[in-house]
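These notes are about the structure you will find just below.
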Amino acid sequence: MTSFYLVALAVLTVAAFLAARGRAGALGASGRLHSLPTYHGLLAASAVVLPMMLVLAVYGATAPSFVQSQAIAALPGDPLGDDALARATRMREIANAVANPAGATPETLAAAERYRAAQAMADWALLIVGIGLGGLGAAWMVRKVGPHFRARNGFERVVIGVLIACALVAILTTVGIVFSVLFETLRFFTKYSWLDFLTGLQWSPQTAIREDQVGQSGAFGAVPLFVGTTLIMLIAMLIAAPVGLFSAIYMAEYASPRLRGIAKPVLEILAGVPTVVFGFFAALTVAPAIRSLGLTLGLDVASESALAAGVVMGIMIIPFVSSLSDDVINAVPQSLRDGSYGMGATKSETIKKVVLPAALPGIVSAMMLAVSRAVGETMIVVMAAGLTANLTFNPLEAVTTVTVQIKTLLVGDQEFDSAKTLSAFALGFVLFFFTLILNVVALRIVKRYREQYD
Amino acid sequence: MNSLVQTPKTSARAAESTPHSLHPKVVAKDVNVYYGDKHALHDVTIDIPEKAVMAFIGPSGCGKSTFLRCINRMNDTISIARVTGDILIDDQHIYDPKLDVVQLRARVGMVFQKPNPFPKSIFENVAYGPRIHGLARSKTDLEEIVTASLQRAGLWNEVKDRLNEAGTGLSGGQQQRLCIARAIAVSPEVILMDEPCSALDPIATARVEELIDELRQNFTIIIVTHSMQQAARVSQNTAFFHLGILVETGPTDQIFTTPRDKRTQDYITGRFG
Ligand SMILES: Nc1ncnc2c1ncn2[C@@H]1O[C@H](COP(=O)(O)OP(=O)(O)OP(=O)(O)O)[C@@H](O)[C@H]1O
Ligand SMILES: [Mg+2]
């Protein structure tokens, strides 16, 4: 039914556009119009599209629950008293009966009948209201076509409205996510002290599932996770920062255009490798290599180590650092380089003393964005660094990170209000807050830097 | 072409204040410059006298900057540029493969069209050249060089209390004088200036022109300018370029009063360009 509706929408839109444009064109032949005929057409088309899309959205949001409640109400007993699971089971039976009535109980068949009727009603309502509104809009706009009608300004407002709506969707989703995380975090802190959470040294989130279990009270001291995250992030940055920066300097200042043309896309491919691939690279290649290297040196290396995860994560963010740094280095005005060469400086002196200091704020913010990327990365750590919440700064031991714990806490069947599940939200909130601060600071620095040269 | 080589004879100003002005500091012979396939400069042959100001004039795109940038080999930084012919400074071939560009540029300073102070403090801007060339043996040495350069650039009084502030925070005219101070801090012999006043207001321009006039006591200065008046005010000798050709060169007052070439005459009287 919706496909028919969409066809009707398209047909009406084109018709409204052509009618309004045609009318305006005819008027334009006899005298001067305020707006070009195309604008009259576009405005009429938007007068069809906008209300019809709105009606469709309302239908999509309300019709399914309306149809379901009708169908369930047709069942005997007190179906509304059932829990969500039972209702879902019944609903599935009814839907099956709609598709294939054979073998269904008479009650279910009756409910299926109600279901079909309700669905038809909703569909007809959609068609009549939607097409009616669209037709009205079209007729209204086509009638308004005239030499003084400001269709051009009207369409401008429509465009602005659409853009604002899209921006609002993005902003509201973000705000919604932040608030739901915040809300769950606060719920967690009613069950567990926030001070213990932020300063506790013990992380063992297993809580008792049954009342009679013992010794499983759960400890949510997140410090080991913060330390693990920091450790892996430091290792990653130790690799990504110099390698990324130096390769950016080479690309921006020394590489011939031909080499640049080849190397940049290759680096971008590296940036496009899915993190899972990096993850099994870390777990299956790098971790064993580090372990056997450790053995030959007489070191005891865990098979899952912070070092392996950090190294691979560092490799993963190299292209990130290098392409951002490359951009800021290229943004340093050529006139500064000329000034330095003109003083008799060599290329590397120029880079060291003029280009890099000028690009420094941008490079710093590139590094900060890379850090927030490293902190938020999960897959590699899950696969290569392990799950044990060790409080250690030894890169050869297994550690775990905030993101990995969030993933572990929420995988599998969970109660949604246990302290264990809620602690994931608290961790998520800390992570979000940290990366938010990093990003804000980084963007601030970039902005200051832009002002300096524009 | 060779007949165009001129040494100043009649410039009274040049003669009184610069007794050595007959001696050519920079000599160019048959210089050609190509940007890829584009032949931008044709057989330029010119003598540039020592301790005097030489002005390059001519319509836009005629190759003034291109020739200026040959003199400190800044064209080396443009990958597609190719230079043929000879340029000598004090009888030394500057395109000699044995010659070190870094040292050449320490001898031939450059001031650009747009002021381009480094994003460093005023002090560090001026100290840049002395530092990379190791001209100062101690911190006090360096401070002396910086102070002297700023004084000679006529900027000292304006910045002496704020030497540690960013050079980019100065006004345009101050920035340009800072760039001049930066250039003279390494005591070059020749200073190249490519439209140094084009981004400045008339007062700042007058200030820089005054400065150029003072600097010619010690330096050989070559200035590209689009302003006839400026050329007349600051230079003792003028060279007129047109479509990549050096049309005419001679003492400034002669070029401006009795040009020998029709194209020079047309340009000076504003008939094209
Ligand atoms: N980097 C370059 N690449 C290619 N062609 C160039 C380059 N620089 C200059 N040219 C060309 O060489 C010719 C001379 O340019 P040049 O910059 O020397 O002119 P100009 O006399 O300084 O002009 P203006 O007064 O506008 O500064 C022009 O035709 C220009 O297009
Ligand atoms: Mg120029």
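Here the Cβ of each residue, glycine as well, is placed from N, Cα and C on the backbone.
TrEMBL annotations:
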- A:226-442: domain 'ABC transmembrane type-1' (DOMAIN)
- A:38-59: transmembrane segment (TRANSMEM)
- A:124-142: transmembrane segment (TRANSMEM)
- A:162-183: transmembrane segment (TRANSMEM)
- A:225-249: transmembrane segment (TRANSMEM)
- A:269-289: transmembrane segment (TRANSMEM)
- A:301-321: transmembrane segment (TRANSMEM)
- A:354-372: transmembrane segment (TRANSMEM)
- A:424-446: transmembrane segment (TRANSMEM)
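With a threshold of 8 Å between CB atoms, the same-chain residues lying at least 6 positions outside the transmembrane segment (A:124-142) that come near it are 1-2, 4-5, 8-9, 12-13, 15-16, 19-20, 23, 40, 43-44, 47-52, 55-56, 59, 63. Note on the transmembrane segment (A:225-249): residues 203, 267, 306-307, 309-311, 313-326, 329, 351, 356, 363, 367, 370-371, 374-375, 381, 385, 389-393, 395, 399-403, 405, 427, 430 of its chain, located 6 or more positions outside it, place their CB under 8 angstroms from a CB of the stretch. For the transmembrane segment (A:301-321), the list of distant contacts is 228, 231-241, 243-245, 247-248, 267-268, 270-271, 273, 275, 278-279, 281-283, 286-288, 290-291, 293-295, 366-367, 369-370, 373-374, 377, 380-381, 383-386, 394-399: same-chain residues at least six beyond its ends, Cβ to Cβ under 8 Å. Within the chain carrying the transmembrane segment (A:424-446), a Cβ under 8 angstroms from the stretch's Cβ atoms is held by residues 178, 181-182, 184-185, 187-189, 194, 197-198, 220, 222, 225-226, 361-362, 364-366, 368-369, 371-372, 375-376, 402-403, 405-406, 409-410, all 6 or more beyond its ends. Beyond the ends of the transmembrane segment (A:162-183), by six or more residues, the same chain brings 425, 428-429, 432 to within a C-beta distance below 8 angstroms of the stretch.
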